[in-house]
Amino acid sequence: MAFVTRQFMRSMSSSSTASASAKKIIVKHVTVIGGGLMGAGIAQVAAATGHTVVLVDQTEDILAKSKKGIEESLRKVAKKKFAENPKAGDEFVEKTLSTIATSTDAASVVHSTDLVVEAIVENLKVKNELFKRLDKFAAEHTIFASNTSSLQITSIANATTRQDRFGGLHFFNPVPVMKLVEVIKTPMTSQKTFESLVDFSKALGKHPVSCKDTPGFIVNRLLVPYLMEAIRLYERVSDGDASKEDIDTAMKLGAGYPMGPFELLDYVGLDTTKFIVDGWHEMDTENPLHQPSPSLNKLVAENKFGKKTGEGFYKYK
């Protein structure tokens, strides 16, 4: 009888441990790595929805610009949200900013965070080095996520020992405005981690969609080939296809798109599009959808990346 009792208690204990480990992580504290447009946007929406945030980048100057950009963005939000109560708007801005701390040392701030979201340069080696280092300092329960738009999440997760606590959170620019978040689950991502990332996305006021770890996930998998086909259509203009202006007008008026493909290319950044296409072409050289574009390559070589440099397919003042 004593043996049976011990076995029963041991079984109950094991069940309790399994149950505890199966519980989702409720994300309260977020560390965002990268103070650029995407990282700052993620930090802003996380702070505005009651999360404690640490924004990390390499220098204090970058972080100061990030905080300034976040404040300007928050004031735009407050102006709309609190149109009839400017004082409440000011309080909203100050309260949100007060929950965003900054740091130039990622390793020193991840020990108590629930979630690390990486939004740095689209370079696999750099991302791997970052996560490999952070893996040594982050708490056991901490979930890692990458905001990559083109790299395989599995390839990034393999740099760590927490592949089961690693997923993708692909936000869209501008983050405070765009509602979609692609939540990417690798073959190694646990269901608990996936559900925690979905819940976090919802807590930000976003609409999460589930994706497998395939090139481009959902949006870019469909969008980038469309943009590249528009460029090829333009490159064949000498054969009587169409001008870039006519292509943009046709897609806006005929398909109801808010921007034409060339306007969108310039907005996204021609360097970004070229990086994605080059990566896909390297993985599948025979796929006609992933073939390089001479005109895109030429513009990028001339540092004409679109709106951010003042010129791309169009010129900007």
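Even glycines carry a Cβ here, placed using N, Cα and C.
Summarising the annotation, TrEMBL assigns CoA binding site to Ser73, Lys80, Ser149. Every protein chain shown contributes to the tally, and the Cβ of Lys80 (CoA binding site) ends up with 8 other Cβ atoms within 10 Å.
In the predicted model, residues of the domain '3-hydroxyacyl-CoA dehydrogenase NAD binding' (29-214) average a pLDDT of 97. For 29-214, the entry in TrEMBL reads domain '3-hydroxyacyl-CoA dehydrogenase NAD binding'.
Here TrEMBL flags 216-316 as domain '3-hydroxyacyl-CoA dehydrogenase C-terminal'. Across the domain '3-hydroxyacyl-CoA dehydrogenase C-terminal' (216-316), DSSP helix (H, G, I), strand (E, B) and coil residues number 67 helix, 3 strand, 31 coil.
The site 'Important for catalytic activity' feature in TrEMBL is assigned to His170.
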Exercise. Taking only the Cα atoms, work out how far Ser73 (CoA binding site) lies from His170 (site 'Important for catalytic activity'), in Å, as a whole number.
Key: 20
Quiz item: Could you state the CA-to-CA distance between Lys80 (CoA binding site) and His170 (site 'Important for catalytic activity') to the nearest Å?
Solution: 26
